[in-house]
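Noted in TrEMBL for the protein shown:
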type	residues	note
TRANSMEM	B:15-33	transmembrane segment
TRANSMEM	B:45-67	transmembrane segment
TRANSMEM	B:123-146	transmembrane segment
TRANSMEM	B:153-172	transmembrane segment
TRANSMEM	B:202-221	transmembrane segment
TRANSMEM	B:242-261	transmembrane segment
TRANSMEM	B:267-285	transmembrane segment
TRANSMEM	B:292-313	transmembrane segment
TRANSMEM	B:325-349	transmembrane segment
REGION	B:365-399	region 'Disordered'
COMPBIAS	B:377-388	compositional bias 'Basic and acidic residues'
């Protein structure tokens, strides 16, 4: 499949596709981080994760509209406000959902999956009724447009770079939160041994709610970042959910590093192959390889223990 | 509950439930509905095959597959490929640049029939493939997963990914599969026109007949030791393993059984609806099949039939009058079934209607001397309690 390309062309193709893969990687990391927290730490499958992401995207869309009409002078910085708003709104909704629904189902993981699927249907239809079925996009501030010209053949769009920086800083933040803060210690304690954690005075129900809210909040940020590189429709979230679950499972459910590594591998494989094959075949091949590896090595890339 | 003679079984309570379903499907619905509606009921019933498989696989054995649409679709596509080849005779496709191949292949500049289409010229091969293809795939997936002790949500995610892969593959490979439109314009089955009203009514009855065959097959498995082991495996997998049973083999078996049912359902779907497309296979379709089973009651094979009928009837009803409300109703159904009544309609029936029945049944023998009749239901009810997975399925040691 490499016939007819010179070496330098191939290098540029790999560099460009590699960068396109990096944008996909950023989206995967942002979505998968939220999922990895909820799924890896609590064992809960949140099928509505994509819809939380879209909620963040619509929040950004509304914020950008608000800034455009009322505060045009501050338009360059709206994205940061939108990101915070998206986090807060999604986290609040997440906490509410946890209280209403998820907490009754912790001992029935398969049922959580179905219930959150129901939730995702409702959220999707709500978006469709409120925002319409058409995809919406936001206007980028001036500083985010354009591209870096690295060589004659390679140029990197700034919005893509920006999203990548957000993804990596959030990954770093989550890492610090989980492994360097008291709260993270509590979360890990509850995961490892719930009765003992309770016995030493950790409010495990509170920790659960916060964990779920945090995961949803990160999905909100993912959605906000998503608007920088693509448009948002009511069912955009669903398009990503299977990929993201595979990313999390492939990385090894309880390992944040594994999640990032597998997000990188899957996104790079997909975008590199996309150039040479048709988009759908690239996706099929990537997913097949991932599923195949998971069948041979069910614990994922970096697992802490064999899963049951 | 083995019965000494089949006649006696029909008089037992369980037999009466089957008779009631048969009465509904064979007598009441065909009399009450016009051929168009009856055809739609037939379409709903094809989903009941999948739901019965899910009862065995998910309800009994605790394996949630979110990829049943794959097996449904494979069965359906096998049937559709045969029908399409029969419809694409050189005479009928004379205007194409390559006569004798299906029209969508011609549109995609294919000049010869792909190799995997060739065997579908034969009806007997097709009939075998309808069951064999899904079962082989299920066996491969099941063997890879269950011997490595992968289960629960991981299995659900992997099966969902497989549903996604197959859908993307079918849509992407337009020339070989018909793409997003699917395989359409199917005309005859071995020379018999399937598009007439009479043919559709016949197909409906064939579907009902096959459904009862599958119901009895499922019941057979459920009432044997095999069925008990499946339920035991769901409740306490390690204890079953330590008792010397090969847990993986039982799981593979029940997964293949569910796949076979789904394949049959898919083939009948193609015949009844007249086409097959990737939209009946994908993630959304597959997970909807789970709700048919969950609404009917994940432990009741008869409930699955009612679940499939009710959800689909509601779906068509809503889509005709308030299409924008249907996703809300469906979402609420998912949440409600899980949170409020995890054992579905069958569970509600058991806890509310059965006590009433019991009272009616108990009054009877006072006048007549037939004592054994009322005892059976009581016995059965206790058994139903034993099946309840909510009680001990998720013991702390498992998580």
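Using N, Cα and C of the backbone, Cβ positions are placed for all residues, glycine too.
Packing against the transmembrane segment (B:45-67) from elsewhere in the chain are residues 25, 151-153, 155-157, 159-160, 162-163, 204, 207-208, 210-211, 214-215, 218, 221-222, 227, 230-231, 233-234, 250-251, 254-255, 257-262, 264-266, 268-269, 272, 283, 286-287, 289-290, 292-293, 296-301, 303-305, 307-309, 312, 387, 389, 393: each is 6 or more residues past its ends and has a CB under 8 Å from a CB in it. With a threshold of 8 Å between CB atoms, the same-chain residues lying at least 6 positions outside the transmembrane segment (B:292-313) that come near it are 17-18, 21, 41, 43-45, 47-48, 50-52, 54-56, 58-60, 211, 215, 218-219, 222, 333-334, 337-338, 342-347, 349, 384, 387-389. The stretch in B:153-172, B:242-261, B:325-349 that contributes the largest number of Cβ pairs under 8 Å to the transmembrane segment (B:267-285) is B:153-172. Note on the transmembrane segment (B:153-172): residues 63-67, 69-70, 73, 77, 141, 145, 178-180, 182, 278, 281-283, 286-287 of its chain, located 6 or more positions outside it, place their CB under 8 angstroms from a CB of the stretch. The transmembrane segment (B:123-146) and the transmembrane segment (B:325-349) are not in contact, since fewer than 3 Cβ pairs between them lie under 8 Å (pairs 6 or more apart in sequence). Within its own chain, the transmembrane segment (B:202-221) has Cβ neighbours under 8 Å at 18, 22, 25-26, 30, 38-39, 41-42, 45-46, 48-49, 52-53, 55-56, 194, 227, 230, 254, 257, 261, 264, 268, 271-272, 301-302, 305, counting only residues six or more beyond its boundaries.
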